Amino acid sequence: MSSVIAQKDENVVWHQHAVTKTQRADLKQQKPAVLWFTGLSGAGKSTVAGALENRLAEQGFHTYLLDGDNVRHGLCSDLGFSTQDRRENIRRIGELAKLMADAGLIVLTAFISPHRAERQLVRDLLPEGEFIEVFVNTSLEVCEQRDPKGLYKKARAGEIANFTGIDSEYEVPLNPEIDLPAGEKGIEALVDLLVEQLTLRGVISPR
């Protein structure tokens, strides 16, 4: 199903809240951020993001994980997998992540998001430094070996069209904030690296 973007109504204006984004973040003792995990299917995006959320929750930080499969059960259930619908899927998630960051949360998103232009679209929604692109750098070979959903096998057999990495291009991030060697290190080591980066960037502080 294709998405339809309504024209903006000039009578619709942004309502300023009495409680500010800074106040919400201060109450949580953290800095709002959107960690955008991108990579091939099977790269480990959801696994790493979930492990990071567990670690942050254990330390008392306020987070929310947006997963590619989960949002298609509700917010994006009307969208298919055409180029237009995939773009709209990312646009909606970007807007949702922006609202969650405005609430003072550390937002983790796990989406293939194969195109640089769409990732840039989300980056442009947020203040400088708030969008943290995390490239889950796992080779196609390793992803195919894992193939947890059997999708690569189906794509190779021609049962799935326009599958990213097989017959649809994945545009590797040119300058991600974090290049995560997910094909080389274990989950705990990757989470340690991410926590270190978040601390260096001032998103979190030791507790």
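Yeah, the Cβs are placed from backbone N, Cα and C, and that goes for glycine too.
Record features, source Swiss-Prot:
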BINDING   GLY39, LEU40, SER41, GLY42, ALA43, GLY44, LYS45, SER46  ATP binding site
ACT_SITE  SER113  active site, phosphoserine intermediate
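Overlay of Swiss-Prot feature records on the structure.
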residue: GLY39; record: ATP binding site; contacts (Cβ under 8 Å, 6+ apart): LYS45, ILE112, PHE135, VAL136, ASN137, THR138, TYR170, ALA182
residue: LEU40; record: ATP binding site; contacts (Cβ under 8 Å, 6+ apart): ILE112, THR138, LEU140, CYS143, THR164, GLY165, TYR170
residue: SER41; record: ATP binding site; contacts (Cβ under 8 Å, 6+ apart): ILE112, CYS143, LYS149, LEU151, TYR152, PHE163, THR164, GLY165
residue: GLY42; record: ATP binding site; contacts (Cβ under 8 Å, 6+ apart): THR138, VAL142, CYS143, GLU144, ARG146, ASP147, PRO148, LYS149, LEU151, TYR152
residue: ALA43; record: ATP binding site; contacts (Cβ under 8 Å, 6+ apart): VAL136, ASN137, THR138, CYS143, ALA182, GLY183
residue: GLY44; record: ATP binding site; contacts (Cβ under 8 Å, 6+ apart): VAL136, THR138, ALA182, ILE187, LEU190
residue: SER46; record: ATP binding site; contacts (Cβ under 8 Å, 6+ apart): PHE37, ASP67, GLY68, ASP69, ALA110
residue: SER113; record: active site, phosphoserine intermediate; contacts (Cβ under 8 Å, 6+ apart): TRP36, THR38, ILE90, ARG119
Other CB atoms within 10 A, centred on LYS45 (ATP binding site): 28
Other same-chain residues whose Cβ falls within 8 Å of the Cβ centroid of GLY39, LEU40, SER41, GLY42, ALA43, GLY44, LYS45, SER46, the recorded ATP site, in sequence order: ALA110, ILE112, VAL136, THR138, CYS143, ALA182
Per DSSP, three-state class assigned to SER41 (ATP binding site): coil
